[in-house]
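See structure below.
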Amino acid sequence: KSLENHTIGSGFILLGFSDHSSLQGLCFTVFLVIYLVILLGNGLIVIITVVDPSLHSPMYFLLRHLSFLEICYASITLPKMLVAFLTEDGRISFLGCAAQLYFLVLVGSTESLLLTAMAYDRYTAICAPLHYTCIVSRGLCVGLVVGSWVAVIPVQVGQTYQVFTLPFCASHDVHHFFCDIPPLLELACADTFRNQVMLHIIIVLFAVLPFSLIVLSYTQVVREMRKMPSVLGRRKAFSTCSSHVLVVMLFYGSAMVVYFKQWPRGSADTDKYLALFYTVVTPIVNPFIYSLRNKEVRIALQRLLWR
């Protein structure tokens, strides 16, 4: 009990990228610019999909919420990282670490389900275009977004509670730039088998299963595209899916490698750099992917800027 009380009182130390001590100033500048670009880019996507009537379709309704989640994702990790670069102090309280972990896994799991909903939207638009407006209604979109949050909240509350009721009696140095489950479990001085099982069950539910549904959706989309007689039709169908596919590859690719890699843990640096992809790279490229590859978004953005 005293060990647990000691942990609660002293908290943890996020080592982050402290091994590059001579580059702290440069890292602060780079990540500050990245954070501002994430806020600006995704914020613009949210604004234009609200104010521009031409973007009031189900696809852009889901995109708006994806951009909101990207802002949340970056805001959970980057401000703390910037403070650590500026002060060279990575300390975080026990409750602060628990809150960061909870909101990170909450937003990450919700984004995974939202990406699945976006894949279903594209599947319906291409494979059942005549019934699209009847199937993918605004009510369904609202239900998918709300359902994504509701399905995740209780599960992640339980997982966070399970992690932070462990006795952390080893070093309090977390080899990461945010509080994540694998590096925290390494600090526990109790059997973490149940935690590992729970982690993998949740990964299957909120990562593997959604990703499988996305792959299934696009398998059907590709089959439908091959049946299209005109090259123009195939190009248009491809362009409406390509942006989403790129975001899915970035988000799931790095996250699954971190949590499902088969070699023994110990390569903390590898995990940190891979984590940058789904916590930093995906949020910053999301608005560029959707604005550069989507004509409607570009036109709406031009109208907003001219105003």
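Counting begins at 1 with the first residue displayed.
Placed from the backbone N, Cα and C atoms, the Cβ positions cover glycine too.
Annotation comment: TrEMBL describes 41-290 as domain 'G-protein coupled receptors family 1 profile'. Taken from TrEMBL, the feature transmembrane segment applies to 23-51, 63-86, 92-114, 135-157, 197-216, 237-260, 272-292.
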| message | Please report, as numbers and ranges, the same-chain residues at least 6 past the borders of the transmembrane segment (63-86) whose CB is under 8 Å from any CB of it. | response | 14, 16-18, 24-25, 27-28, 31-32, 34-35, 38-39, 42-43, 45-46, 49-50, 92, 100, 103-104, 107-108, 110-111, 114-115, 118, 145, 177-178, 247, 278-280, 282-284, 286-287, 290
| task | Report, as numbers and ranges, which residues of the same chain sit near the transmembrane segment (135-157): CB under 8 Å and 6 or more residues beyond its ends. | result | 58, 61-62, 65, 102, 105-106, 109-110, 113-114, 117, 120-121, 124-125, 128, 202, 205-206
| said: Do any residues, 6 or more residues outside the transmembrane segment (272-292), come within under 8 Å Cβ-to-Cβ of it, and if so which ones? | reply: 16-17, 31, 34, 37-38, 41-42, 44-45, 63, 66-67, 70-71, 73-74, 77-78, 104, 108, 175-178, 180, 243, 246-247, 250-251, 253-255, 257-258, 298, 301
| field | Distant-in-sequence neighbours of the transmembrane segment (197-216), which means Cβ under 8 A and at least six residues beyond its ends | value | 105, 108-109, 112-113, 115-116, 119-120, 152, 155-156, 158-159, 162, 181-182, 248, 252, 255-256, 259-260
| Positions on the same chain near the transmembrane segment (237-260), where near means CB under 8 A and six or more residues out | 59, 66, 108, 111-112, 115, 118-119, 122, 125-126, 182, 199, 203, 207-208, 211, 214, 218, 221, 224-225, 228, 271, 274-275, 277-278, 281-282, 285-286, 289-290, 293-294
